[in-house]
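S.K.: As annotated by TrEMBL, domain 'Integral membrane bound transporter' applies to 196-319. TrEMBL lists 12-43, 55-72, 78-98, 128-161, 181-200, 235-264, 276-294, 306-327 with the feature transmembrane segment.
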Amino acid sequence: MQASYLKPMGAALSTGIVMMIAVLIHNLTLGTLGVLGAFAFLAFQDRSVYYNVKAISLHGLALLVAFLLGASTAYSPWLLPFVTASLSFGAFLITKLYRIPKPDYFFVLMVFATGYNFQKPLHEILTYHVWGLLLGVVVSVIVGVEISRLLNLPFSLWPYVPKRLTLKQRYQFMLTKDPTVLVKASHFSSILFVTSYIAYLLIDKGGYWVLISSAAVLSGEHLEHIKKRTIGRVLGTIVGIVIGLGIIQLHVSVTYLILLLVLFNFLTEYYMPRQYTIANFFTNPQVIILMALSNSFRHSVLTIRFLGVFIGSLLTLFIILILEYALQSMIDHKATIKE
């Protein structure tokens, strides 16, 4: 089977196995947290078994730390913009330093925002809820190994592994490849500072969706991609909410909900690199299904989610356009002075 199908299948299997375990232990709430941990699988690449085990494990560790950081930040909500900006700036540079492929830091920011919105006592999270995340990570590693075997990937790339670079060498290489990387990191973190401040102001209105949508749109990095992602995310959200609402109205059993969750997960990961708008048709039903499984679904959530996506996406695009205009004006001004 082609790699283009096996990777989405691995992501869907990770989610499905976690939810099946949750059904067997009669704890669907823990399963919904496990789905967050299962995002670790998305670090999978067509390289080697060793690379995938390492990448998925490190991605899972980053997700766990981000979730705990978000849950801790919730105790002092006013810190959210500052923590978000610092986290996004650091995560952006780390992904460039170590050339981490997409989805790089997006899910770290998403799980951070989810942890911020989790609203559970920290001691309860550390002693109970964190195990759901760890379950998702462990399952992702196992699935990653099996998918690597199906793709006939080598155990490691040795002896073809390039010489390890020092941090200084990585930094120099990063600046050589993209001299504007520090400016981009500053821009992205400043935009997320603004959107996370909005999220803080809307703390009782699902404001964290504003932050998640902003991070998702910014993943495009280049202005044209960001424009397309903004349109795609808003349109995809509208269609996705309609699909999700239709599923809820059918009152299907837990088993069918889990099967639909797995199917939508596969379709999301398959279409994400190919057609962002279509991929968003299937992300929203997943969110709604997970809420239904954890008994936290309310019809008012649909309005809150749409407004969060709408505000976060358009606000991000608006700020990006202002920054691009300001930068171009500065460049034109310098060119005029030289002449």
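Each residue, glycine too, has its Cβ placed from N, Cα and C.
TrEMBL annotations: computationally assigned, not manually curated.
The shown structure was predicted, so the numbers you read here are calculated from the model rather than taken from an experiment.
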S.K.: In the same chain, which residue numbers or ranges, 6 or more beyond the ends of the transmembrane segment (78-98), come under 8 angstroms Cβ to Cβ?
M.R.: 66, 69, 104-105, 108-109, 112, 116, 167, 170-171, 174, 178, 181-182, 184-186, 188-190, 192-194, 196-197, 199-200, 211, 215
S.K.: Who are the long-range neighbours of the transmembrane segment (128-161) in its own chain, taking Cβ under 8 Å and residues 6 or more past its ends?
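M.R.: Non-local partners: 1, 3, 6-7, 9-10, 13-14, 17-18, 21, 29-41, 44, 46-53, 56-57, 60-61, 63-64, 67-68, 118, 120.
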S.K.: Taking helix as H, G and I and strand as E and B in DSSP, count the residues of the domain 'Integral membrane bound transporter' (196-319) in helix, strand and coil.
M.R.: 102 helix, 0 strand, 22 coil
